[in-house]
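Asks: First, the structure itself, so that you have it in front of you.
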Amino acid sequence: MRVLGIETSCDETGIAIYDDEKGLLANQLYSQVKLHADYGGVVPELASRDHVRKTVPLIQEALKESGLTAKDIDAVAYTAGPGLVGALLVGATVGRSLAFAWDVPAIPVHHMEGHLLAPMLEDNPPEFPFVALLVSGGHTQLISVTGIGQYELLGESIDDAAGEAFDKTAKLLGLDYPGGPLLSKMAAQGTAGRFVFPRPMTDRPGLDFSFSGLKTFAANTIRDNGTDDQTRADIARAFEDAVVDTLMIKCKRALDQTGFKRLVMAGGVSANRTLRAKLAEMMKKRRGEVFYARPEFCTDNGAMIAYAGMVRFKAGATADLGVSVRPRWPLAELPAA
């Protein structure tokens with residue numbers, strides 16, 4: 001059984017083909033980073049137009065890469081939300097149209113379920129149950145996962161997501177967009193302990209996050225200490241340490257609350273090396289396991305949508321003839337498979 005996956009929720013056009021016996025057969029990705037760099041962030045209208053230009057050619061490339069034709073595809077999965085409404089509509093329209101033309105089922109996929117299941121693409125996939133840390137530019141959530149579609153929200157950011165805070169602080173430090181990875185690179189040159197940032201909401205019970213205050217703290221620190229290269233690196237180090245420590249503290253609480261021994265982290269920020277190292281060390285001390293996808297599957301991609309589509313297809317999920325998307329779509333609303 002082979003599923004074509006289409007991802008167009010934001011600023012990456014991702015196309016992949018997944019086979020339930022052979023695994024990933026094709027994976028094509030186009031990033032719009034250069035398109036949006038001059039604006040310092042994603043411009044929704046530009047993103048939508050670029051998806052229109054790139055989606056079909058990438059599908060053709062994926063078929064070529066896999067050596068397959070349309071007749072070999074058993075279902076078409078597409079990201080139906082959450083995300084930018086115009087960008088979502090491009091992928092949904094193409095996906096639904098291809099499914100109709102090829103006479104195969106269309107499978108709407110939740111973008112964050114795609115991220116959550118991305119580690120399943122690895123050679124050593126996690127088993128249920130586990131705590132999932134979904135950490136990206138748009139979301140920071142802790143989820144109790146006991147099966148496909150069996151998701152309980154334990155905590156989430158009440159303001160900025162961790163990835164958004166990374167990008168905003170990077171901009172304050174004079175780094176280009178997207179700044180998160182550049183900030184982490186700069187932080188590696190920083191001196192630990194010169195500056196100490198707060199660990200937001202760790203001094204009270206609960207599993208919610210708040211990262212907007214760290215951006216303000218960074219702005220004040222930059223104002224008071226100047227912007228020479230070493231100072232900027234030290235501020236980047238302090239900021240990254242604060243975010244990573246906050247995520248780690250909340251993960252500990254979630255694991256204690258659920259009693260689970262497995263931690264899965266997914267989303268763009270899960271590619272952060274410092275975060276990976278700290279959580280791996282934490283889980284080793286707890287005699288548990290931590291799982292994450294390879295870096296290219298942490299950011300938005302078609303492979304995770306193709307895989308999630310396969311899982312949902314086997315559970316009987318299909319879309320009707322209409323094209324609909326959900327820019328806001330709580331993960332907990334998904335049905336169990």
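For all residues, glycine too, the Cβ spot is worked out from N, Cα and C.
So Swiss-Prot has the following annotated:
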- His111, His115, Asp300: Fe cation binding site (BINDING)
- Leu134, Val135, Ser136, Gly137, Gly138, Asp167, Gly180, Asn272: substrate binding site (BINDING)
Asks: List every residue in the same chain as His115 (Fe cation binding site), at least 6 positions away in sequence, whose Cβ is under 8 Å from its Cβ.
Replies: Leu134, Ser136, Ala266, Gly267, Met304
Asks: Once near-sequence residues are set aside, which residues in the chain of Val135 (substrate binding site), 6 or more away, have Cβ atoms under 8 Å from its Cβ?
Replies: Gln141, Ala161, Ala162, Gly163, Leu247, Met265, Ala266, Gly267, Gly268, Val269, Ser270, Leu275
Asks: Relative to the Cβ of Gly180 (substrate binding site), which residues of the same chain, six or more apart in sequence, are found under 8 Å away?
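Replies: Listed in sequence order, they are Gly137, Gly163, Phe166, Asp167, Ala170, Gly268, Val269, Asn272.
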Asks: Counting every protein chain present, what is the number of Cβ atoms, excluding its own, within 10 Å of the Cβ of Asn272 (substrate binding site)?
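Replies: Other Cβ atoms found within 10 Å: 27.
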Asks: How big is the gap, in Å, between the Cα of His111 (Fe cation binding site) and that of Gly138 (substrate binding site), rounded to a whole number?
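Replies: Between the alpha carbons of His111 (Fe cation binding site) and Gly138 (substrate binding site) there are 11 Å.
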Asks: In terms of DSSP three-state secondary structure, what is the assignment for Val135 (substrate binding site)?
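Replies: The three-state answer is strand.
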Asks: Looking only at DSSP and grouping its letters into three states, which state does Asn272 (substrate binding site) belong to?
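Replies: Coil, per DSSP.
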Asks: How big is the Cα-to-Cα gap, in Å, between Gly138 (substrate binding site) and Asp300 (Fe cation binding site)?
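Replies: Distance between the two Cα atoms comes out at 12 Å.
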Asks: Sort out the sequence-distant neighbours of Asp300 (Fe cation binding site) for me: same chain, 6+ apart, CB within less than 8 Å of its CB, listed by position.
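Replies: Glu7, Ser9, Cys10, Asp11, Glu12, Gly14, His111, Gly268 - these are the non-local Cβ neighbours of Asp300 (Fe cation binding site), listed in sequence order.
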Asks: Please give me the CB contact count at 10 A for Gly137 (substrate binding site), counting all chains in the structure.
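Replies: Cβ-Cβ neighbours of Gly137 (substrate binding site) within 10 Å number 24.
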Asks: Considering the binding-site residues His111, Leu134, Gly138, Asp167, which residue's Cβ sits among the greatest number of other Cβ atoms within 10 Å?
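Replies: Answer by Cβ density within 10 Å: His111.
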Asks: Around the Fe cation site formed by His111, His115, Asp300, which additional residues qualify by having Cβ within 8 Å of the site's Cβ center?
Replies: Glu7, Ser9, Thr79, Met112, Gly114, Ser136, Gly267, Asn301, Met304, Ile305
